[in-house]
Amino acid sequence: MDELSALFFEDPGEDGIQLVADDDISSHSDQPREYFQEEQGALLSDGAMGLGEDEPDGNVPMSLHQLIKKRKLLPSELKEGLGNNRSEWAVQVNEVDRSTGLAPIHYISLHVDAYTTLLLLNLLTYGNADIDARAADGKTALMLAVQARNIRLAKVLVALGANVNIGFEGTTPLRMAIEMSGNLENSTDNEDQNDPRGFEETFHGEGVDDSASPSKEPQDMVHVLRSVGATTHYQETQQQSEYAGDVRMGKLDTYKVAKVYTELNESMIAKKAAYLHNPSPSVAREAMEALARVEVYRREHGSRILCLDGGGVKGLVQIEMLRQIEQRTGKRIVELFDWIVGSSTGGIIALALVYGNMSVTNLQRLYLRLKRDVFSRSGILQKGDSNQLERYLKELLQGTMDTNRMSYPKVLVSAVKQSPTGIKLIFFNNCFEDDYSKEEVWKVARYTSAAPLYFSSKDGYLDGGLLADNPTEDALTAIQNFYRKREMQIPISLVVSLGSGVTPIKNQKAVNVTTDLWNVPSQVFPFLKIVGEALMKPQTDSNNQSRCVEQEIRYIRLDPPLEREVDSAETDNDKLVDMLWTTQQYLHSSREDSSGQKKIDAIYEACITKM
């Protein structure tokens, strides 16, 4: 640890720290209680200033850097100050202090406890802070965590999106950890060293909060970094694929594709018929070549479909998977897929990507805000604040869904329509030119997220996840009907389906069906959810895969295994960071054919034009 780090870093103790929910910080004992007072107008200890107050001996307000450095800022005050984009703090959020060479995120990262972790979350959520910002000496917050041997902080930063391979002066976080461990012989990367003890073996049952901080064994940091894809290869900036320029971009010319595909199919059928009449080697070869041309064209020019499951706040898992896809391909999601389909939280993500023009980083910020401002305000029968959700959606998603405004990519968002005769699944869309093609975008997002236990229904619509939490099969039917009605022979080459994490049954809370189910709000719905997921999710995944195999469509499903149950309205920071850390491990594990890393590679290969 260098002199600058030693100046700010405080050892939180032998047992490390745990993240805490936003409304539970006052009960933590590793900081003075006055640091965690959340009510407006609360006073801090030792004459500390509140939001925007001046120094005791002058008239100049303390900068954001000074307030964080001196630990004289409440997390709620940071949120309030950053909420105004015109404030000085909003300008200072990524500035480097000339006297110390540190930005606010570096000050926060040098103090590791419940207080500063909440500051970190608010800085990233409300301040548009760059998690990979460099200090004056070139180090990132993650590199400072490695230097301090603080596994806890390293995991939190990686879970929230820190790039594990950005370095400076030819070094990387992993190389720093290896050098600190004194084991330079392991500085060469290879497949066996990536996650050397195995994803299941290394972290089975181990959440983010299980690691002591700082680590007594530097080698532990090496294992932690390797488990999430860290290498010793120097990277100056955000990684982009060397083949990114070959990714097919732009609007799918459906009429041209249909014409060529029809001609190739007709040629193949004619060649097959010729072979039946004359089964000679030369005719057989021509038939095989015609079939190969059809398959190549299907693979390289067919429609690509992205399907996003429901899951509430667990949409953070999908957002992280989308980030990895973008990093691997070097292109935005809206450039890679011709159709984007979503149910519930997946519908909000789809609309935010296409109509909100949001980056995955801003999507993560949005969901962290929803967690804090929407799901933390529970009612008696519902876990979310419907009015607050609507305010967010109105601000984010404006205009209507129609072909005149946005025809590419095509968007399908599921909802359940109530009527006197029953309920049915419908898709709001920007392409079908039906009763659901010209609705206001924010309302569509509100309709698809109206899960009964979390938000009230809206205009007779309920959460699309009630009938199609995984919308893949229904979407395939709708898309193929769309092409069929227009007499267009458009092949579908790829379906990518993203889940929001699956929890093993063994980790589900036990329910006594003879007594507990009388407690309706707290037990009936979770019980039905557990039973429903256990019975339907594997069957749905299997049906989707079988249908795609039958129709010669490449199907790739990513759904990270979570170590513990995470509620769709979860607000506990510890559980959410743990969920994101587990997702990172899944996405970088390469030990099995079904691993996340190999599936990301498969998506990359499927999105490359090889003609």
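Positions of Cβ are set from backbone N, Cα and C atoms, glycine also.
TrEMBL entries are annotated by machine, without manual review.
Computed from a predicted structure; not experimentally measured.
Within the set 82-87, 262-267, 310-315, the record from TrEMBL flags 310-315 under the feature motif 'GXGXXG'.
Between the listed ranges 52-56, 342-346, TrEMBL ties the annotation motif 'GXSXG' to 342-346. Counting only same-chain residues 6+ beyond the ends of the motif 'GXSXG' (342-346), those with a CB under 8 A from a CB of the stretch are 307-315, 318, 411-414, 448-449, 451, 463-465, 468-471, 498, 500, 568. Around the Cβ of SER344 (active site, nucleophile), the number of neighbouring Cβ atoms within 10 Å comes to 32.
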